[in-house]
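S.K.: Below are the features listed in Swiss-Prot for this protein:
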- 4-16: disulfide bond (DISULFID)
- 24: active site, nucleophile (ACT_SITE)
- 30-69: disulfide bond (DISULFID)
- 32-176: disulfide bond (DISULFID)
- 65-178: disulfide bond (DISULFID)
- 72-157: disulfide bond (DISULFID)
- 103-113: disulfide bond (DISULFID)
- 132: active site, proton donor (ACT_SITE)
């Protein structure tokens, strides 16, 4: 069922990532919520945002304000998925997600978010990058995405926001605490 292969996993020449979805109502490790408290901004709950696995979030293992906070990643479905962990999604569907959180290597995330502490590591399923997609307003499951395998590439947030307003803009990320550090 997985279409990505090799080490690192690739599909049609592009790097692959595993995905899951979550909702926790917290502002996340990029500080995308009011400075006082732990609540998230409304746009952070309902937009295309993601928690990245540790090595991508910050190669120095920071748990707050990682080096890729605010970066946008275009995910394109391969039509594959990890058997027993998701379901098929048509190949070629692309959506862009902004990194606003960390998927920590702690329970229950170890199988997905543990890529080790050095570049080139991979999770239990063979992926160098894992993205846990915010589903606070069913924005992920509402598209029919059930933990699809994807390819990924870094893209410009504002260009993607202009195409689909569910992708946060750079000015929206500017409200986050980590945008000012």
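Using the three backbone atoms N, Cα and C, a Cβ is placed for every residue, glycine included.
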S.K.: Please list, in sequence order, the residues in the chain of residue 113 (disulfide bond) that are at least six apart in sequence and whose C-beta is under 8 Å away from its C-beta.
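M.R.: Same-chain residues close to residue 113 (disulfide bond) (Cβ under 8 Å, separated by 6 or more) are 53, 54, 103, 104, 105, 123, 130, 132.
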S.K.: If you measure from the Cα of residue 16 (disulfide bond), which of the disulfide-bonded residues 65, 72, 157, 176, 178 is the nearest?
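M.R.: Comparing Cα positions, the candidate nearest residue 16 (disulfide bond) turns out to be 72.
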S.K.: When a 10 Å sphere is centred on the Cβ of the residue listed as 'active site, nucleophile', how many other Cβ atoms does it contain?
M.R.: 14
S.K.: When you measure from the Cβ of residue 4 (disulfide bond), which residues in the chain that are at least 6 apart have a Cβ under 8 Å away?
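M.R.: Once residues fewer than 6 apart are set aside, residue 4 (disulfide bond) is near 10, 11, 16, 78, 80, 126, 127, 149, 151.
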S.K.: To the nearest whole angstrom, state the Cα distance for the pair residue 65 (disulfide bond) and residue 30 (disulfide bond).
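M.R.: Between the alpha carbons of residue 65 (disulfide bond) and residue 30 (disulfide bond) there are 5 Å.
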S.K.: Within 10 Å of residue 30 (disulfide bond), Cα to Cα, which of the recorded positions 24, 72, 157, 176, 178 are there?
M.R.: 176, 178
S.K.: Round to a whole number and give the Cα-to-Cα distance in Å for the pair residue 69 (disulfide bond) and residue 176 (disulfide bond).
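M.R.: Rounded to the nearest whole number, the Cα-Cα distance is 9 Å.
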S.K.: Rounded to the nearest angstrom, how far is the Cα of residue 176 (disulfide bond) from the Cα of residue 72 (disulfide bond)?
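M.R.: Checking the Cα atoms of residue 72 (disulfide bond) and residue 176 (disulfide bond) gives a distance of 15 Å.
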S.K.: Non-local Cβ contacts of residue 178 (disulfide bond) (under 8 Å, 6 or more apart, same chain)?
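M.R.: Sequence-distant Cβ neighbours: 29, 30, 31, 64, 65, 66, 69, 70.
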S.K.: How many Å lie between the Cα of residue 157 (disulfide bond) and the Cα of the residue listed as 'active site, nucleophile'?
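M.R.: That separation, Cα to Cα, works out to 23 Å.
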S.K.: Quick check for the class: what is the C-alpha distance, in angstrom and rounded, between residue 176 (disulfide bond) and the residue listed as 'active site, nucleophile'?
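M.R.: Between the alpha carbons of residue 176 (disulfide bond) and the residue listed as 'active site, nucleophile' there are 17 Å.
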